[in-house]
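These features come from Swiss-Prot:
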TRANSMEM  1-21  transmembrane segment
TRANSMEM  39-61  transmembrane segment
TRANSMEM  85-105  transmembrane segment
TRANSMEM  115-135  transmembrane segment
TRANSMEM  149-169  transmembrane segment
TRANSMEM  187-207  transmembrane segment
TRANSMEM  218-238  transmembrane segment
TRANSMEM  244-264  transmembrane segment
Amino acid sequence: MDFIHILALAILQGLTEFLPISSSAHLILLPVLAGWTDQGLAFDVAVHLGTLVAVISYFRLELARMARDWLQSLAAGQQQGESRLAWAVLLGTLPVGLVGIMLTETTQEALRSPLIIAWSTVGFGFLLAYADWAGKQQRNEHTLTWRDILFIGLAQALALIPGTSRSGITITAGLMLGLTREGAARFSFLLAIPVILLAGGLAALDLLNHTETVDWNALALGALISGLCAYACIHYFFKFLQRIGMLPFAVYRLLLGALLFYLFS
C-alpha cells in the first residue's frame, strides 16, 4: 500500500465510524473510484484499533466513572452512580453480538451487495431525517429505561446490514425515544466501544488463520491517522450537532445512495 492509499482509507475509517453516514457504503465506493485492490484484513484491524483508542480517549473520564461505579455496584448489590449507564451499554450490545454470531458467512456475503448497501443507505437516511424532525428531544442517556435500551440495542443489530450505519441507526433509535441529539449521540458512541472491540477481536482471530504478509509501518500509520481523525470527528460532531442537526447527514446519505445506484445498477 502506498501513502495515499493508507491516508485515504484511514481518514475514511476515522470519519465514517462515528458520523451517521455508513462506513460500508464509502468503503465499497472508494476502491471502485480509485481502482485500488483490497487493503487486507490486517489493515482493517489496525484502523479499527485506531478508532477504538479515539473513542475511549474522548470518553475516558466518563468511562472511568462508569467502570468504578459498576464494580462498586457488583460489590454492593445495588446501583451506584454511573453503574446503570455501564449496564445499559452492556445490555445494548447483546443483540448485535447474538445476531452477529448467528449470521452465516453466506448471508454476510449476500448482504454486501452494492445494491443492498445503496438501498439501506437511502432508506435509513430518510429514517434519520424523520427521527430528528419528529423526536421530542427532551431526555438524556441517563433517563433510558431497560426497554429503551433494548430497543436501541435491537436497532443496532440492523447495522449488520451494510449501508445502515451503526451510529446512524442507534442515534435514530435514540431520537425516536425522545433523547436529545447529544444524548442519543453520546449513548451511540459509548455503544461503539464494545462493538468495535468485539468486531476487531474477531477480525484479529481471523487474521491468525491467514498467512498474508504484514506491513507493520502501514498498520501503525493507518491506526494513527484513523485514531486522530476519529477523535477530531467526535469532538466537532458534538460541537456542531445542536446547530446543524441530522438533516445534512441524511441529505448526504441520499446523494451517496444515488451515486451507488448509478454505479452498480
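The backbone N, Cα and C atoms fix where each Cβ goes, and this holds for glycine too.
Simply put, out of 39-61, 85-105, 149-169, 39-61 has the most Cβ pairs sitting under 8 Å from the transmembrane segment (187-207). Tertiary neighbourhood of the transmembrane segment (218-238): same-chain residues 1, 3, 6-7, 9-11, 13-15, 17-19, 42-43, 45-51, 53-55, 57-58, 182, 185-186, 189, selected by CB-CB distance under 8 Å and a gap of 6+ residues from either end. Counting only same-chain residues 6+ beyond the ends of the transmembrane segment (115-135), those with a CB under 8 A from a CB of the stretch are 20, 22, 24-25, 28, 158, 161-165, 168-169, 171-173, 175-179, 181, 245-247, 249-254, 256-258, 260-261, 264-265.
Taking residue pairs at least 6 apart in sequence, the transmembrane segment (39-61) and the transmembrane segment (85-105) share fewer than three C-beta contacts under 8 angstroms. Fewer than three CB pairs closer than 8 A are found between the transmembrane segment (244-264) and the transmembrane segment (39-61), and contact between the two stretches is not assigned (pairs 6 or more residues apart). Tertiary neighbourhood of the transmembrane segment (39-61): same-chain residues 1, 5-6, 9-10, 13-14, 17-18, 189-190, 192-193, 196-197, 199-200, 203-204, 206-207, 210, 212, 214-215, 218-220, 222-231, 234-235, selected by CB-CB distance under 8 Å and a gap of 6+ residues from either end.
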